[in-house]
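Below is one structure; the comments refer to it alone.
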């Protein structure tokens, strides 16, 4: 691996080892990095970092693409069922890869339940997708999920319960789900950055979950004086998640807390935390709210190509369903 990186200008065996230790295992990771990120590595100057990045981009053939090429790339997008056909219809078939989907809402609105259900559904992605579309899809090869838990709400027993509700082995789902408990924003960001290491070591990571996205940031950066610092750090975290979705054709799901809108006289009285940073970085944005009994309402209010729409789903012992 070190021999490959030495093809870059100014990279000898010693520098190559430092790059590998920092997680830069291939040209693509270097090509999509910033000068500031590379200069954090001891012994790499801004000038050397700039040369490495430019050379890596040339080797990866990064640049403009035609609309036809992008359309071809979009054909590799796959979808994962939420468990609710009505909600899947709003999403034109299910949760989409190469994108970040946000579910925001008050406590008890179903955010974490959707995250748990997604881990289960990943193990039968091909089967569920075939049921929805009426066509036979090639099943994912031993897909795995990463669940970064920032609020201590991941429950393996709930995953098993949902799996049994679909007639599959709950132990299989747990075996294929990597869970990390993040107690602060630095841990949260580090775990997200380490996902590439899991992929490089042979794990077919196809689902990444952050539950929840903003809780650690809210706890650490209090007051308006720290808002700019919080947003910059959150922006870097979202960039990491988007890069994972794009480079590895995986689905990224994030839950988000809400805050009251004091100026809201009509309509939704809460707004998702994170402001424009999260708003611009998330591909699909949902707002969840409680309804009667076990019913929940999911409103899609931001998407690059789908209309605003609502779906009603239920949270039962067996999991998410219509």
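The backbone N, Cα and C atoms fix where each Cβ goes, and this holds for glycine too.
The secondary structure of residue 106 (ATP binding site), as reduced to three states from DSSP, is coil rather than helix or strand. Per Swiss-Prot, ATP binding site is recorded for 105, 106, 107, 108, 109, 110, 111, 112, and the stated evidence type is sequence analysis.
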Spatial neighbours, same chain, of residue 106 (ATP binding site) - Cβ under 8 Å, 6+ residues apart: 258, 270, 288, 289, 290
Neighbours of 105, 106, 107, 108, 109, 110, 111, 112 excl. site residues, C-beta within 8 Å of centre, ATP: 113, 255, 288, 290, 296
Set of same-chain residues at least 6 away whose C-beta sits under 8 angstroms from residue 111 (ATP binding site): 103, 104, 105, 211, 212, 255, 256, 288
Neighbour tally for residue 109 (ATP binding site), based on other Cβ positions within 10 Å of its Cβ: 23
